[in-house]
Amino acid sequence: MATVIKNGTVYQNGRLIKADVLIEDQKIKAIGTNLTADKEIDASGKLVSPGLVDVHVHYRDPGQTYKEDIKTGSEAAAHGGFTTVGAMPNVTPVPNTPELMQKMVQENNEKGVVHIFQYGPITNDETTDVIPDYAALKKAGAFALSNDGHGVQTAQTMYLAMQKAKENNLIIATHAQDDSLFNKGIVNEGPKAKELNLPPVTELAETTQIARDLLLAQKTGVHYHICHVSTKTSVELVRMAKARGINVTCEVAPHHILLTDDDIPKDNGYYKMNPPLRNKEDQAALLVGLLDGTIDLIATDHAPHARNEKEGGMKGAAFGITGSETAFSTLYTKFVKEEKVFTLEQLLSWLSDKPAKTFGLKNAGVLEPGKPADIAIFDLDHKTELKEEDYKSKGVNTPFTGDKVYGETVMTMVDGQVVYRRDEQ
């Protein structure tokens, strides 16, 4: 049965247009005016967007399903308007063999309510120098490689990994962190770390590894993607590298542009993340980097934890905050509706077509006839409060709970099927 989404404001090819979207046989049949079908969805006054694309989530499944699992993580994604995600491989066991990768892909397909693309690891268990068989992992379903949560500590290992990734046309997506400089830090180096009497994290832990890897990427020609850049210097390094023709892309997480370390009210584990919240100068540089194209996309780094792992002080808390269910609404409210730092079209691009294009996901992030009917509908005018009881994720570890926001998800469709509807909370 055909379905038509009527009277919405549709984001297509970088523009907002008044149009209807006709869906048939799980695909978009047409985009235009005066379209009809047996079933109608009224989107009057609403935004109709391609399903959002998040290339950076942690689903903890298998191994730590008390934090999150594939089902709840993907339901959280759908609640946030995401229809395609990239799942990091820091699960137990790490999918470092073709057999484990095949099993992981199968589990994602069977349990997930959105499209889940699976990362393979850069090194065997994300901490050793042993490099798995990339060709076999790719054949088994890996779409890219990452050790997210861990930096690759030796240049020799990263150099070899980049060479092998290039041979297999795989993206290396790195968590840039030199552990010897990170030195078990917790809060960004500066006044806030001193105020809270917590171990500082120097920006050098991130920037020195980015500088190293950019030279290795230049030598190998690999597509080098940097996860969650967080400092002014990181942005400057990427900008220079792009000017030199190095094949580098990068992402920023919502929390690194929404918050700074000044926003940490006290020693509160809900503000502990890695990289940490940086200072206002870094935040400003990240926004400039987005606007001038140095930063390619926004990715949430959705990192759920159990409540007891985040409550209390930072020293005993796990690193990470959730992001799938709060990303669009918080970013839209602050930067589009209130402060007018960027346009709605720019925000949608950074959350849909640009991540899809960066990672070669040809069927994601666009509304076009013939493409899968992966669609999100947002209410840009209704103000709502972010509440724990509304979250689909097992993790409630976000400092944004209690915020009043615009841009609530009304409906999310994957392959033409409704996987989230606002009135079904």
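The backbone N, Cα and C atoms fix where each Cβ goes, glycine too.
Checking the candidates ASP148, ASP213, ASP381, ASP390 against TrEMBL: the one annotated together with HIS56, HIS58, ASP301 at the Zn(2+) 1 site is ASP148. Among ASN124, ASN268, ASN274, the residue that TrEMBL places alongside HIS58, TYR59, ARG60, ASN90, HIS305, PHE319, GLY320 at the substrate binding site is ASN274. A distance of 14 Å separates the Cα atom of PHE319 (substrate binding site) from that of HIS175 (Zn(2+) 2 binding site). Here the CA atom of HIS305 (substrate binding site) lies 16 Å from the CA atom of HIS56 (Zn(2+) 1 binding site). If you take the Cα of ASN274 (substrate binding site) and the Cα of HIS228 (Zn(2+) 2 binding site), they are about 9 angstrom apart, rounded to a whole number. Among the recorded positions listed here, namely ASP148, HIS175, HIS228, ASP301, ASP301 has its C-alpha nearest to that of TYR59 (substrate binding site). The domain 'Amidohydrolase 3' (326-420): residue composition by secondary structure is 29 helix, 21 strand, 45 coil, according to DSSP.
Other residues of the chain with a Cβ within 8 Å of the Cβ centroid of ASP148, HIS175, HIS228, the Zn(2+) 2 site, are HIS56, MET88, SER146, GLY149, ALA173, THR174, ALA176, GLN177, CYS227, ASN274, ASP301. The CA atom of HIS175 (Zn(2+) 2 binding site) is located 5 Å away from the CA atom of ASP148 (Zn(2+) 1 binding site).
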